[in-house]
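Participant: TrEMBL lists H274 with the feature active site, proton acceptor. Marked as Mg(2+) binding site by TrEMBL: N305. The domain 'DNA/RNA non-specific endonuclease/pyrophosphatase/phosphodiesterase' annotation in TrEMBL covers 211-430. Positions annotated as domain 'ENPP1-3/EXOG-like endonuclease/phosphodiesterase' by TrEMBL: 212-430. Annotation source TrEMBL lists signal peptide at 1-26.
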Amino acid sequence: MQHLYFSARRLLVLAWFGLAGGAAQAQNAVESFESGTKADYQSGAVTLSTGSWTFEDALIGTSSEDHKSGAQAARLQNRGKLTMDFYLSAGASTVTVQHAAYGQDASSGFELYYQSQACNCNTWIKAGGTVISSSATPAQASFAVNVPGPVRFELRKVSGSAYRLNLDEFTVAPYNAAPVLPVAGDDDHLTMGNPSGAVADVSQPTNYLMQKLQFALSYHRDKGTPNWVSWYLAPKWLGSTRRQDDFRADPALPAGWYQVSTTSYSGSGFDRGHNCPSADRTSSVADNSATFLMTNMIPQSPSNNQQTWAALENYSRTLVDAGNELYVIMGQYGVGGEGVIRSTGQPDRPVSATTIDNGRVTVPARVWKVIVVLPTGTGDVSRVNAGTRIIAIDTPNQNGMTTNWGQYRTSVDAIEAATGLDLLSALPVSVQQLVESKVDNGPTQ
């Protein structure tokens, strides 16, 4: 079945719009902090696009050190607070907020609180856990609220008093809002489709959509790994930036979810295996650094990662060098793989495991990838046809692998049958039927 996806535009006002049949649905309330002015940290009210907010130990930042989506963002210091002076009549299901450390400041934490008008009181209730903002690269935090009826919110800086914090793109989805699937255009990471129909909805923890500037993924909270990661590769993503090696937890995961960290893999015998490779994102430090988020990792056999996968990744980039653009989807399935524990002065010790990190991270049995190869151009979905080269491989997550990735080639149909995914779902069904049953027999180096 063909799916359509789009990139949602930022909404700067709270509004209602009519739907067919006379029904009405509330839009998201989005505060981008673009319309207000406040140059000092003194307590005071600020008129913004959504209404009046009280800023305490906070201002509207406009400098190059304020990490923001547009021209402005809120900046908090000490135990700063941002408080809505009004209620959102449509209630709230999910709240997201973009956050980053100001300038080169160290980490600080913030929390979200809400107050229901129905309580007729001054009680604030905490939503989710404390979010630690430790990077100058903006990340998104999500909170499940699910409050019917009028509600207002307060953002509180709760730690890192000596450091400043940027908050931006405060977004409230109305109560009982239906999640919207994004639709992608050319050169988007989801141009070829959303394989599992993932949505950025905290009520879908095993198929949670995360869209980053560098790639898109479906995250499985209970496995601690992505179900799949999808990305676009073209010359604009390749440069001379060095590998950052800054493996770290992903602060964009919803509040309260377990954060897989770099130490989660320590001593396990498995590599922190990239889905979107570091070497596919060398145009800037920020792009390369994003590939080291743990939401982009799976427990991968060292030989699978360093031999088979490395060889395929290197070959993929030669295709780009030859004038092509690629749409790549990688994923895994099954449970249980093989690793190797290496100790100085000791022989390698093979290990088998179904999970690591005390059961919090699932070790997959198989690792797969699909690559759509197109000559550089436009109208990419419409250009896929029976002659388009599509490379699909499905490999065991085990020891003893080699650089000969070609021996693991299979069809897209076979991977779909094994995973239950709908790959290349943006293509017309007639085209899918033409291309998904084929097994690539092209060159491998």
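The backbone N, Cα and C atoms fix where each Cβ goes, and this holds for glycine too.
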Participant: In this predicted model, what is the average pLDDT of the domain 'ENPP1-3/EXOG-like endonuclease/phosphodiesterase' (212-430)?
Facilitator: 96
Participant: If I take the alpha carbons of the residue listed as 'active site, proton acceptor' and N305 (Mg(2+) binding site), what is the distance between them in whole Å?
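Facilitator: Taking the Cα atoms only, the residue listed as 'active site, proton acceptor' lies 8 Å from N305 (Mg(2+) binding site).
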Participant: Going by DSSP, give the three-state secondary structure for the residue listed as 'active site, proton acceptor'.
Facilitator: strand
Participant: Counting every protein chain present, what is the number of Cβ atoms, excluding its own, within 10 Å of the Cβ of H274 (active site, proton acceptor)?
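Facilitator: Taking every protein chain into account, the count is 23.
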